[in-house]
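Engineer: So that we are looking at the same thing, I have put the structure below in structure tokens.
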Amino acid sequence: MTPVHFSFSSAFILGLMGLTFHRTHLLSALLCLEGMMLSLFIALALWTLQFEMTGFSAAPMLLLAFSACEASAGLALLVATARTHGTDRLQNLNLLQC
Amino acid sequence: MHLTTLILSSSLILVIAILIYPLLTTLNPNPQDQKWAITHVKTSVKAAFLMSLLPLMIFLDQGTETIITNWHWMNTTPFDINISFKFDHYSIIFTPIALYVTWSILEFASWYMHSDPLMNRFFKYLLLFLVAMILLVSANNMFQLFIGWEGVGIMSFLLIGWWYGRADANTAALQAVLYNRVGDIGLIMAMAWLAMNLNSWEIQQIFFLSKNFDMTLPLIGLILAATGKSAQFGLHPWLPSAMEGPTPVSALLHSSTMVVAGIFLLIRLHPLMENNNIALTTCLCLGALTTLFTAACALTQNDIKKIVAFSTSSQLGLMMVTIGLNQPQLAFLHICTHAFFKAMLFLCSGSIIHSLNDEQDIRKMGGLQNLMPMTSTCLTIGSLALTGTPFLAGFFSKDAIIEALNTSHLNAWALILTLIATSFTAVYSFRVVYFVTMGTPRFLPLSPINENNPSVINPIKRLAWGSIIAGLIITSNFLPSKTPIMSMPLTLKLAALLVTIIGLLTALELTTMTNKQFKITPTIPLHHFSNMLGYFPAIIHRLTPKLNLSLGQSIATQLIDQTWFEATGPKGVSSLQVKMAKTVSDAQQGMIKTYLTIFLLTTTIAILLTMI
């Protein structure tokens, strides 16, 4: 595989592993999510350049717009968690489990 | 131009100009002097009266009628509106009578209202009312008539609420406007129908074009308008309440001129109604019901002005009956004669009220025959004219109406009601005369009784002359267009007189019982029915608004707030989502790290499986 291909794929997989293995803060999961989105953005932009499909140029922008929405939804959930549980630390989320 | 028509037209226009001149002097920014009301307004009405005698004489001599079209006011493409005056025999005869009565009332008002600081404004309102009334009776198209109609309605509101510090007066003025408005719906509907179907508001064109149409709908509208303005049953409570205004207002508006506007409208547009049996029957039955109901209400009232107001309402019902009998000229004759004696009754009441220091309850008057001889004599003359005593003014119109009713082949029920109402007229008239003038005084000793001022006595005397001879003069100069039936059995011929005498004898008998009490607590349901005006205002004025307001409240609270907003709207959506979220989140225990790790493992295994 080409180096560029390898770089954004590994960025994606590393971001995914960061999302799943985050230890203390919920915020770090959201940051890794952003990183995944960024790598997908680069992938789409390179797709357009590689295959020279000018009609596909709008796709990265679309992805960016929707990732912004999703990021704001994630932040809203963060704020809601912080309001109900006090912090965003993951230990607090199942503290009252019986 | 021919001399006759020149004099006729110029004097009629001059009459209106003379009446408008004092109103124009009020546009002057400097305030008028104290005597403006007497020097300008009363003089102009007197001059207008004398001026209007000229067309009257020309009409009586040669029978000339005229239509004066002055100014093309506005038009849409198919529709014109002009300023156009019609002086046919109705308006030529009515205008001098209205001006004569108004002149007398203004002279009386200069005594009655002389302690009022706003007397000039009062006279201005009365003059404005008079101009609107003259516009109404001389209108040749519906638009001008509507202007006059609304004008008299508004001036009635302003004048009834003259003493606006009194809450009852404000309520009465509002009542007058609201009931008149309901009638105006009918008038506007008729005007809209005429504009759409006959494409004209000119009366001559309407008469000519209406032969091909079924006129029931506009006629019902016009009858509704007359019901509102002339206080027929159903829209009648405003007239007794209108007695809150000063006595000159009651004398001018609510006895002689404004309340006959509805009847006058029906008389003017009578050719539309001649062949329409539905409209005629409606007029007949409505008029008969009105006359009996209001006469019954008048029997137990204790306020002298209210008794006279109910008697006005009863006579208006009689005029409506006459229209239903297809006799517009008799109705007009009754309008003219009724103006004289009713205005005089009100002026006498006003003189009595002021002399007894604003006492209006007849149970607290008495023995005024010796203390106020002129006023009580004229009160008696007016009451006799009202009941139809032979050869006074009321006799010529009332007796002719009852004869026409007796010899017609129409509704016997209406006939019986009218005869009973005629006998009631005698009863309550005698009751007024008995309580006010006869017996011993029941008022306070130090009452400022005087009849010294000529401003009080001259108008009453003038109207008394009118009440005596007006009937004779008008009938001898009037050519009836429908031949009256002259031959009928003796009982029918004397029917009106007989029922009146029966009523009078019954009332005389009842006076011997006024000072005897048979039971300690008498049960008198009929008295209560009559005294509370048939419970009509008590029910309608409270029940209908209460139903409307509670309907509004239940719409706002239950329909909008509770149903749309909470159950089906935003709050309903959110409550549904919360329920679903709670159900779903029961399954999630909050072990995020474990969930995400399992997710990654599953994805890795799936990818590895596809690669193998």
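Placement of Cβ uses the backbone N, Cα and C atoms for every residue, glycine included.
Automated prediction, rather than curation, is the source of TrEMBL annotations.
Taken from TrEMBL, the feature domain 'NADH-Ubiquinone oxidoreductase (complex I) chain 5 N-terminal' applies to B:73-123. Summarising the annotation, TrEMBL assigns domain 'NADH:quinone oxidoreductase/Mrp antiporter transmembrane' to B:139-423. The domain 'NADH dehydrogenase subunit 5 C-terminal' annotation in TrEMBL covers B:428-609. Annotation source TrEMBL lists transmembrane segment at B:6-27, B:48-69, B:89-110, B:122-139, B:145-165, B:278-300, B:307-325, B:331-353, B:374-393, B:463-480, B:492-510, B:592-611 (among others).
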Engineer: Give the nonlocal contacts of the transmembrane segment (B:463-480) in its own chain as ranges (CB under 8 Å, at least six residues past its ends).
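Structural biologist: Sequence-remote neighbours of the transmembrane segment (B:463-480) are 60, 89, 93, 97, 100-101, 104, 329, 333, 336-337, 340-341, 343-344, 347, 378, 381-382, 385, 391-397.
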Engineer: Taking a Cβ cut-off under 8 Å, which residues six or more beyond the ends of the transmembrane segment (B:48-69) line up next to it in the same chain?
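Structural biologist: That would be 4-5, 7-9, 11-15, 18-19, 82-89, 92-93, 95-96, 99-100, 102-103, 140, 204, 477.
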Engineer: Within the domain 'NADH-Ubiquinone oxidoreductase (complex I) chain 5 N-terminal' (B:73-123), how many residues are helix, strand or coil going by DSSP?
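Structural biologist: Going through the domain 'NADH-Ubiquinone oxidoreductase (complex I) chain 5 N-terminal' (B:73-123) residue by residue, I get 29 helix, 13 strand, 9 coil.
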